[in-house]
Amino acid sequence: MNCSQAPGFILLGLSSNSEKWQPLFSIFLVLYLLGLLGNLLLLLAIGTDVHLHTPMYFFLSQLSLVDLCFITTTAPKMLETLWTGDGSISFSGCLTQLYFFAVFADMDNLLLAVMAIDRYAAICHPLLYPLLMTPCRCRVLVSGSWGVAHCVSLTHILLLSQLYFHTNQEIPHFFCDFGPLLLLSCSDAHLNESLMMALAGVLGISALLCIVSSYGCIFYAVAKVPSAQGKRKALATCSSHLSVVLLFYSTVFATYLKPPSSSRSSGEVVAAVMYTLVTPTLNPFIYSLRNKDVKSSLRRILNMVKSQD
């Protein structure tokens, strides 16, 4: 089989049954548009309401921005494949998609950890919170997360670009992911796989430990609150974040808790759909439906739109 350093690939998409393409296209187009609308509305609500210019909502706006970019990295190509039946993608296009996919996936992971730290500071050290989470420190946390995500992604892409791949090969996925690409490599991809698992392990485990330890301290602090109402009020500010954390990590583990070069099952493709499209779509609705401040800001925006009509 011929090998090349810049081959073309064919994304097989979600199903080989062409009769399912149109229904799947309709479902995922609606999900994609809902994701765009939900995240844009949340960004608009936070950006236009001065009452929401706090560290918690600053991090939430960054999460919405990342989710907006995340779904746009994979969904358009998936929808194109379902609509036209043509899943062909160039090597440079594949690496570009993979680069931004890795950046936004790492950012989701890091931002959830940063948001856990913010909740820990707000609940466990309420009097020191304004001093701990200053605007400058918030910007440093977010900027550092962006820097780490870009560096990690760039490292992977540079190593992948040095490999040779079988030409005109089919990728059994709806987007370019590390695992399916490594399976098509003619070269020894042991270094790529080892580094990928090491970096993913360090980033994932450190962020998860940060979240677990933060919530361990939060639950300990809440347990010492004498009144039931005080406990409910403290935990209410964490419920949305906890829901997003559980949704994010459960789908990530279902997708990636195995060596990158091992073959993919249909269940893992479904988990990947949840991880790349459903979760970023649900996040803004989870935060807005459970948050009175966000709902109030959204109602104000809708009333302004109606008054202009």
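Every residue gets a Cβ built from N, Cα and C, even glycine.
TrEMBL does not curate its annotations; it predicts them automatically.
Positions annotated as transmembrane segment by TrEMBL: 24-45, 57-78, 98-117, 138-165, 197-222, 234-257, 269-289. What TrEMBL records for 38-287 is domain 'G-protein coupled receptors family 1 profile'.
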Ask   = Under a criterion of three or more Cβ pairs within a distance under 8 Å and sequence separation of at least 6, are the transmembrane segment (197-222) and the transmembrane segment (24-45) in contact?
value = no
Ask   = Any contact between the transmembrane segment (234-257) and the transmembrane segment (24-45), i.e. 3 or more CB pairs below 8 Å with pairs at least 6 residues apart?
value = no
Request  = Report, as numbers and ranges, which residues of the same chain sit near the transmembrane segment (138-165): CB under 8 Å and 6 or more residues beyond its ends.
outcome  = 3-5, 7, 9, 55, 58-59, 62, 91, 95, 98-100, 102-104, 106-107, 110-111, 114, 117, 178, 181, 184-187, 189, 191-192, 195-196, 199, 203
Ask   = Tell me, what is the mean pLDDT of the domain 'G-protein coupled receptors family 1 profile' (38-287)?
value = 87
